[in-house]
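Student: What follows is a structure written as structure tokens; I'll ask about it next.
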Amino acid sequence: MPVRFSKVLIPQPKSKFIKTRCPDCGNEQITFSHAAMVVRCLVCGRVLAIPTGGKAKLAGHVVKVLE
């Protein structure tokens, strides 16, 4: 009887880097999806991401999810 090999699952992280656009000035910058600190726009200073203990609440527009 042949031995069956089970497929080994490799765990993938659920967090990603996200390219966000500031709604005020249009600046695009890369933020972390599970940010632990308040993320502000580097140009105008508007808050783009607020930490919630898990995934950050995004106040800017998501342009692209980087993998």
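Cβ coordinates are placed from backbone N, Cα and C, and glycine is handled just like the others.
Just lifted these from Swiss-Prot, have a look:
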BINDING   Cys22, Cys25, Cys41, Cys44  Zn(2+) binding site
ZN_FING   22-44  zinc finger
Student: For the zinc finger (22-44), find every same-chain residue at least 6 residues outside the stretch whose CB is under 8 Å from a CB in it, and list them.
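Tutor: Cβ under 8 Å, 6 or more out: 15-16, 50-51, 54-56, 58-61, 63, 66.
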Student: Of the residues in the zinc finger (22-44), how many are helix, strand and coil by DSSP?
Tutor: 0 helix, 7 strand, 16 coil
Student: Across all chains shown, how many C-beta atoms besides its own are within 10 angstroms of the C-beta of Cys44 (Zn(2+) binding site)?
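Tutor: I count 12 other Cβ atoms within 10 Å of it.
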Student: Which of Cys22, Cys25 has the fewest nearby Cβ atoms, counting only those within 10 Å, among these binding-site residues?
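Tutor: Taking Cys22, Cys25 as the binding-site residues, the minimal 10 Å Cβ count falls on Cys25.
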Student: Setting Cys22, Cys25, Cys41, Cys44 aside, what same-chain residues sit with their Cβ within 8 Å of the center of the Cβ atoms that define the Zn(2+) site, listed in sequence order?
Tutor: Pro23, Asp24, Gly26, Asn27, Leu42, Val43, Gly45, Arg46, Leu48
